[in-house]
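J.: Take this structure, written in structure tokens, and hold onto it; I'll ask about it next.
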Amino acid sequence: MAKEPVRVLVTGAAGQIGYALVPMIARGIMLGTDQPVILHMLDIPPAAEALNGVKMELVDAAFPLLKGVVATTDVVEACTGVSVAVMVGGFPRKEGMERKDVMSKNVSIYKSQAAALEKHAAANCKVLVVANPANTNALILKEFAPSIPEKNITCLTRLDHNRALGQISERLNVQVSDVKNVIIWGNHSSTQYPDVTHATVKTPAGDKPVRELVADDAWLNTEFITTVQQRGAAIIKARKFSSALSAASSACDHIRDWVLGTPEGTWVSMGVYSDGSYNVPAGLIYSFPVTSKNGEWSIVQGLSIDEFSRKKLDLTAQELSEEKELAYSCLT
């Protein structure tokens with residue numbers, strides 16, 4: 001028997017990430033190749049014509065799983081009945097703008113979108129915030145959508161996680177699918193900590209630690225970390241645009257693993273509401289290693305944290321605490 005369609009919201013859908021993301025969702029990459037979807041696409045009024053163009057292309061692509069498209073500039077219409085919300089739209093930092101100016105703009109955007117999700121989304125709606133500052137935008141959304149469970153509001157650090165996997169696979173000349181259990185700790189910013197301490201690579205002789213195979217702690221503790229931290233800036237320099245294809249793909253990975261579950265013995269990185277695990281202050285949206293089963297994520301517990309890692313975890317937590325304070329000052 002065919003499944004009922006799931007309504008999936010993408011905000012900022014006429015932008016670069018949105019344009020890359022909606023066909024992936026329509027093709028079943030996010031929720032599975034047997035799951036029909038109805039796409040809800042939201043953008044701002046100046047992008048209405050471009051948004052309609054995206055809708056025309058979705059119709060022209062004749063995706064068998066796509067059972068309907070809502071393309072709108074009305075936030076209530078966009079949020080009505082959605083079970084998955086991917087929040088790509090946000091206000092980008094422009095030249096000459098202070099951090100507080102950007103934060104203030106995004107607080108205003110996320111406040112109104114949170115209110116619409118609160119009133120009109122499906123009861124157990126899962127939310128993924130992609131727009132930067134992603135962790136703090138997710139925190140604001142949580143504040144203004146109190147009936148959405150805190151476990152249902154997350155932010156995207158899977159892109160950084162995938163970047164870390166890619167760097168290790170290139171360094172060791174192995175398939176990326178054979179590398180697992182890297183961790184992105186903290187903020188989706190240049191303070192994030194890509195950690196390979198517990199990561200392994202599948203070899204003919206069994207799983208081997210990444211550190212043992214790389215055999216170069218100096219590289220792992222310096223260049224590897226900064227490459228992952230600054231990969232977004234490197235792509236902007238190369239493409240003259242920010243990451244779109246990889247961001248869209250990792251958003252699909254994030255939701256798919258959350259909804260359908262992580263493979264046995266494998267964890268992924270997600271920005272989630274901190275419960276105080278690993279001495280990270282509770283009340284931040286912070287990236288942890290998580291596993292997921294039956295649509296519920298859990299933070300992986302009991303991993304050893306060495307002194308080098310501890311400093312990195314604390315540094316990114318400090319930045320998130322400062323961002324939180326800045327965001328809340330914009331509310332008054």
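Glycine is treated like the rest: Cβ placed from N, Cα and C.
So TrEMBL has the following annotated:
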| type | residues | note |
| --- | --- | --- |
| ACT_SITE | His188 | active site, proton acceptor |
| BINDING | Arg93, Arg99, Asn132, Arg163 | substrate binding site |
| DOMAIN | 6-153 | domain 'Lactate/malate dehydrogenase N-terminal' |
| DOMAIN | 157-327 | domain 'Lactate/malate dehydrogenase C-terminal' |
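Let's see these features in context: how buried, what's close, how far.
T.: Sequence-distant neighbours of His188 (active site, proton acceptor) (same chain, six or more apart, CB under 8 Å from its CB) are Asn132, Pro133, Ala134, Asn135, Cys155, Leu156, Thr157, Leu159, Asp160, Gly271, Ser287, listed in sequence order.
Here Arg163 (substrate binding site) comes close to Pro194, Val228, Arg231, Ser246: these same-chain residues lie at least six apart in sequence, with C-beta atoms under 8 angstroms from its C-beta.
In the predicted structure, the domain 'Lactate/malate dehydrogenase C-terminal' (157-327) carries a mean pLDDT of 97.
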J.: What are the DSSP helix, strand and coil residue counts for the domain 'Lactate/malate dehydrogenase N-terminal' (6-153)?
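T.: Helix, strand and coil residues of the domain 'Lactate/malate dehydrogenase N-terminal' (6-153) number 68 helix, 28 strand, 52 coil.
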J.: If you skip the near sequence neighbours and keep only those at least six away, which residues in the chain come within under 8 angstroms of Arg99 (substrate binding site), Cβ to Cβ?
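T.: Counting only residues 6 or more apart in sequence, the Cβ neighbours of Arg99 (substrate binding site) under 8 Å are Arg93, Leu326.
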J.: Give the number of CB atoms, excluding that of Arg93 (substrate binding site) itself, located within 10 Å of its CB.
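T.: Looking across every protein chain shown, the total is 16.
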J.: Over all pairs within Arg93, Arg99, Asn132, Arg163, the annotated substrate binders, what is the largest Cα to Cα distance, rounded to whole Å?
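T.: Per the listed residues, the maximum Cα distance equals 26 Å.
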